[in-house]
Amino acid sequence: MATIILGSQWGDEGKGKLSDILCQKARVCARAAGGHNAGHSVVANGVSYDFHLLPSGLVNPQCTNLIGSGVVFNVQAFFKELAALEEKGLSHARKNLLVSDRAQVNLELHARVDGLEERELAGNKIGTTGRGIGPSYANKAARNGIRVHEIFDQESFEAKLRRLAEGYKKRFGDLLEYDVEEEIARFRDYREKLPDFVVDAVNYMQAAQASGVDILIEGANALMLDIDYGTYPFVTSSNTGLGGVITGLAVNPRRINVAKAYTTRVGEGIFKSEDVGEAGKKLQDIGREWGVSTGRKRRCGWLDLVVLKYSASVNYYTAWNLTKLDVLDTFPTLKVAVAYKDPETGKELEYFPADLGYLERCEVVYREFEGWQTPTTAVKKFEDLPRQAQMYVRFVEEFTGVPVKWIGTGPGRDDMIYL
């Protein structure tokens, strides 16, 4: 059985914690899309591990971890992250790690281009992480990108890299500060170190599914950052939902969605339930809302059920993991976005609009809930939660039509209620 963990909001929902719990039984843990722009922390046995490109199943010594074909793969980040995990005691990580030979290579060139493209946008910048994810996927779509298996054909690899660099140099001129020969030299070293990790991921996943082992797939980013279904253009450059998993790994999974009990977003783009006042600052402080990858503070606001329902309609979730319920413990009153209203007609929308200009003009309809103002961190059973917290969770289920199966009440692996 293959299980996917997907984010339903704008990322940072707390997917890593559920991944850590479920990967204890998994024998394969895989990433399907994205790159080292994603980031989450896993706390296990009192140690905090940071993951960006590598699957977090590496915490389990019995689990093989695969970076799939839909990922844009940065070799330097791969070895740096692996070394950091080994320094923290994961001595088994190296032998439990595989990379698809079909994955696209993310280059230093892409990162430099990413920065220049953001500069071109000036006041309309996307707010990328600057890791070159967009340019990598752009090269993939243009069919002039470099795949992992091509690293090992030195002549072909170097010729393709020089052509890419020349093309960008024509576009940006002296603004592009990049030495192609330095990058080529780095890959001569990688060419010696990388072969033991590279596999045909299609055959590997086919064999794993046929064997009947538990497979866990970690979704990166989240549905509202999806290139097709997110708040375009303020999105990432890959399919972050179910479609990206299917193409990135070729699996037939069940789908677990992870959502915070409130809402956050990093970078630019529309965020209808954002609170820029006292409540938003309080959520940011209590929830420790700053990014693992960039350190940027996350924008915070109330739970937006319009977003969650839309996300569920795209990804066909089978269950929710509602995270960070404990962050709401001290709020006397909670607000939940339940509809968007057309400012001219006053009618509530029955859909999440693609037109961001129109969405920006829409008003948010909130429902207020009484807060519980009591700690939930030590609670292990749903029936032991305060009545108001139970009502909050049940309303999420009722509104979205998807059952809540896990509730996060703290950062630790054991801070989870199972329903």
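Quick reminder: no glycine exception, Cβ is built from N, Cα and C everywhere.
What Swiss-Prot records for the IMP site is ASP12, GLU13, GLY14, LYS15, ASN37, ALA38, GLY39, HIS40, ARG143, ASN221, THR236, ARG296, and among THR128, THR129, THR247 the residue it adds there is THR129. The full span of the recorded IMP binding residues, ASP12, GLU13, GLY14, LYS15, ASN37, ALA38, GLY39, HIS40, THR129, ARG143, ASN221, THR236, ARG296, taken as their largest Cα to Cα distance, is 34 Å. Separating the Cα atoms of THR409 (GTP binding site) and ASP12 (active site, proton acceptor) is a whole-number distance of 15 Å.
Using Cα positions, the member of the binding-site residues GLY14, LYS17, THR294, LYS297 nearest to ASN221 (IMP binding site) is identified as GLY14. For the binding-site residues given as ASN37, THR409, the lowest number of other CB atoms within 10 Å of the residue's CB is seen at THR409. Within 10 Å of GLY14 (GTP binding site), counting C-alpha to C-alpha distances, fall the following of the recorded positions ASN37, HIS40, THR294, ARG296, LYS297, ARG298: HIS40.
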